[in-house]
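Record features (TrEMBL):
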COMPBIAS  14-23  compositional bias 'Polar residues'
DOMAIN    89-515  domain 'Major facilitator superfamily (MFS) profile'
REGION    1-37  region 'Disordered'
TRANSMEM  53-73  transmembrane segment
TRANSMEM  134-156  transmembrane segment
TRANSMEM  168-194  transmembrane segment
TRANSMEM  225-245  transmembrane segment
TRANSMEM  257-274  transmembrane segment
TRANSMEM  337-354  transmembrane segment
TRANSMEM  366-389  transmembrane segment
TRANSMEM  401-418  transmembrane segment
TRANSMEM  430-451  transmembrane segment
TRANSMEM  463-484  transmembrane segment
TRANSMEM  490-510  transmembrane segment
Amino acid sequence: MQPSEQEPPKLVETSPNISNDSSASEKGEATMQPQQSNNSYALTVDEVIEQHIGALGFAQILHALLVSIAWLFDAQTTLISIFSDAQPAARLLATGAIVEGSSLCGLSTGEWQWVGGKSDTVVSEWNLICQHKFLVAVPSTLFFIGSLFGSGVYGYLADSWFGRKKTLFLSCILTFVTAFAISFSPNVWVYAFLRFANGFFRSGIGSCCIVLATEIVGKKWRGQVGQYGFFFFTLGFLSLPLMAYLERKSWRNLYRIISFLPLGYALFLLPFAYESPRWLLVKGRNKEAMVVLKQLARLNGKQLPADLSLVDPIPTRDDQTSQPEKFWKTKWAVKRIIMVMLAGFGCGFVYYGIQLNAENLNFNLYLTVAVNALMEFPAVFIGSFLLGVMNRRPLFSNSSYLAGVSCILCAVLSLHRVTRAISFAKWLQLAVEAVGFMASSTAYDVLYVYCVELFPTNVRNTAVSLLRQAFMLGASAAPLLVALGRESAMMSFFVFGVASVLSGVVSLWLRETRNAPLYETLTQQGKAEEVENRTVLIT
């Protein structure tokens, strides 16, 4: 039934001692607040959006685009190491032959030189080859470990006192500071520490962006709107090969360029975004939540009824004996987040691993990264379409399976006997790798949206941040496998393939959320799902 066709909300008179019941809001019925007049009625945020604002209108599209722009420089900060930490070619002075860094072991520094000069990458500047080659993986690994810890901190801030918008502002400012500081690193150890700090501080961007974008749209459009951020992430990814090529003589300048983007966004664009009305309502700031909803309605060419109020999702707020909800003491939420994080670990390991492993393909690095970036576009559009017609769980698991099979095929195509037998093996490997990356990207994007829908407002940012932690934990292991892949590309692709398949299997234990309502509290969602489970058993 469309919102415009629904019956007007029923007025349910209550005495001052009767609190709002979550089951009433689930049925679309409104319950009166004790302090309201007899002519007023209260609705949940979901009901206000569906019945009065519109499930998706100009206001929500504009807001989603505004907050999703931040994904652009989140991608640049995350993936810049593909170029800044790449191993450049060297030239033997005696013969002029171009060789890889592994061929320089045992030679004195006077027998060879870097083709592009010492300032090209951190590898050439600090000679991270031979016995020092594994030091190249340390900064990237620490970056993802920093993101792992930062995600937990930002998740707490966004769900507690800072809110989504202020947390996003803080993350952008500190991302600028640390990215700019990286460009002045005097050695690899300072560089690694600053990459850790940069990963820590940028980790609030993605989780806040997707939550801000999806919490103000109707349930039918959450999946599609959640994909906006990944479109900008793709643009940021695609911009890297161009910027890296233009600044191929200085990795330091590349960091300086990308550092100013989050600063400009925080100062000039983010102030126009709205705070989440759901978070405001959970925090008892009902008037501010209503102001945001009225502004959204006005931009959509609509107006909220004058006697409309919002159902308080925490009816025991004024009860001094009541205890605040604890995420880690709610059994169903703990079991669910463990499954989400296990799936996220494998997904993040493969998604970032395939990108970083691009250097182990027998292709030009700039071309390979550009192809991977271009494959993000069909992943976003296909993912957006499929989220509208498919359930979340099979969409994620099947995407993971496809990515896993593609990686295993890449491993087979890396074997010398195969490359000798098939003349176009390297082109076939690039094509299969691109398909695998597209599938991995789809799984990554879908899991973000899935996680948003699996948890209520009062812990949603925490849950998404924990998922992001799992992504980053997987990603932190990827550079080590990529370093191993310089010796055996077949082994690295095979491990990525197995991990992707396993992450798809784990998701089979998750609940389906397509077209399900977004709940506000753990208690409310737990009771609603219990009722649903009993109904399913009876039928």
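The backbone N, Cα and C atoms fix where each Cβ goes, and this holds for glycine too.
Counting Cβ pairs under 8 Å to the transmembrane segment (401-418), the stretch among 134-156, 257-274, 337-354, 366-389, 463-484 with the most such contacts is 337-354. Just going by CB pairs under 8 A, the stretch in 134-156, 168-194, 225-245, 337-354, 463-484 that sits most against the transmembrane segment (257-274) is 168-194.
Only pairs six or more apart in sequence are counted, and the transmembrane segment (53-73) with the transmembrane segment (225-245) gives three or more Cβ pairs under 8 Å, enough to call it a contact. Of the two recorded stretches, the transmembrane segment (463-484) does not lie close to the transmembrane segment (225-245), with fewer than three CB pairs under 8 Å once pairs fewer than 6 apart in sequence are set aside.
When averaged over the domain 'Major facilitator superfamily (MFS) profile' (89-515), pLDDT in the model lands at 90.
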